Every structure is written in structure tokens, then in C-alpha cells.
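Per Swiss-Prot, SUMO2 cross-link is recorded for LYS48, LYS154, LYS165, LYS174. If you look up Swiss-Prot, you'll see SER92, SER98 marked as phosphoserine. Annotated region 'Disordered' per Swiss-Prot: 1-22, 84-103, in sequence order. Sequence annotations record features per position, and here Swiss-Prot assigns motif 'Nuclear localization signal (NLS)' to 85-90 based on similarity to another entry.
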Amino acid sequence: MNGFSTEEDSREGPPAAPAAAPGYGQSCCLIADGERCVRPAGNASFSKRVQKSISQKKLKLDIDKSVRHLYICDFHKNFIQSVRNKRKRKASDDGGDSPEHDADIPEVDLFQLQVNTLRRYKRHYKLQTRPGFNKAQLAETVSRHFRNIPVNEKETLAYFIYMVKSNRSRLDQKSEGSKQLE
């Protein structure tokens, strides 16, 4: 059990899969269109939240009750995420089903940010929310606001290129200003 195999271990067969390693020798736990998925399971799990979103979207995915794990393959993980993002874009105020609309606004996944960062964003822009929002609600509110911020792209890119060419940033300017005061 110290990581080295002994002669006795080799007679007993291969070691059992560690319980903590997700997807080790396991296949996806989902049944798609009545057939069990045979792809290898990744580290994404089929949580209650994912299960709820799938049932709301009326997808033909179900969990196989005979398996003892909840890990899904990368294909189904990406499929579920893409369906979630497509539905969000289609539900936007201006129609959203034109191909131009999808190319104009890149999808930014703010769910990856920490709760403190989302709260700081909310405080900076003085967004009105109820107290006690959880991370998902906060990320949804912030992403709704983030998509509606007007940006002068030409000016922003010109400023960025200028700063890159001059090897300076606003932080450099602030530190130089404090040196001049001394």
C-alpha cells in the first residue's frame, strides 16, 4: 500500500480504482435519447442544479439509475453549457436570433469570478439588488449590466495600442506622479 506493487499484489489482479478519483475507469452516467452514453466520464458532475436546468430546457437527457456515480463526459458537459448559453442569447431583449448578434457580443462567463469580485463590481456600478443574493444571482445581475455597458471600441483600441507602443500604463503614470511630488 506504499505505492509499490509486490509479488502478492500482482497475483491478485489490478488495483481497485481510488474512490476519490472522478472518472477513473467510469463511463458517463447519462442516458441520451434512450441509449446509455459510453464515453469516459470526466470530472464534471451531474448536480441537482444541472439536472433542474436540463428539465427546464426539455432535453432528452436522464441519469442512469444503475450507476453509482454522477460524473458526465466532456461531450455532455459542453453540450449542456452550449444549450444554456444559446438560450440566454435568444432570450435577450432585441430578438437575438440573428447571426450578427451572436458575433457582435461575445459571451463572457462571469460565473468564473469570485463572489467578492462580483460584489465589488456591483458596488462600483451601484447596481440595485436584494440583500443576500447567492453567487448565481449576483453573476446573472452583473452579466446583464456588463452586456449593456456602452463601449467606444475605436477609442479603446487606439488607447490600448498607444499604451502598448509607449510601454506605459495608468499604473506607471500614477507612480511617476507620486515621485514628482517628493
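Using the three backbone atoms N, Cα and C, a Cβ is placed for every residue, glycine included.
This view paints the features noted in Swiss-Prot onto the structure.
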| residue | record | DSSP (3 states) |
| --- | --- | --- |
| LYS48 | SUMO2 cross-link | helix |
| LYS154 | SUMO2 cross-link | helix |
| LYS165 | SUMO2 cross-link | helix |
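When pLDDT values are averaged over the motif 'Nuclear localization signal (NLS)' (85-90), the model yields 58.
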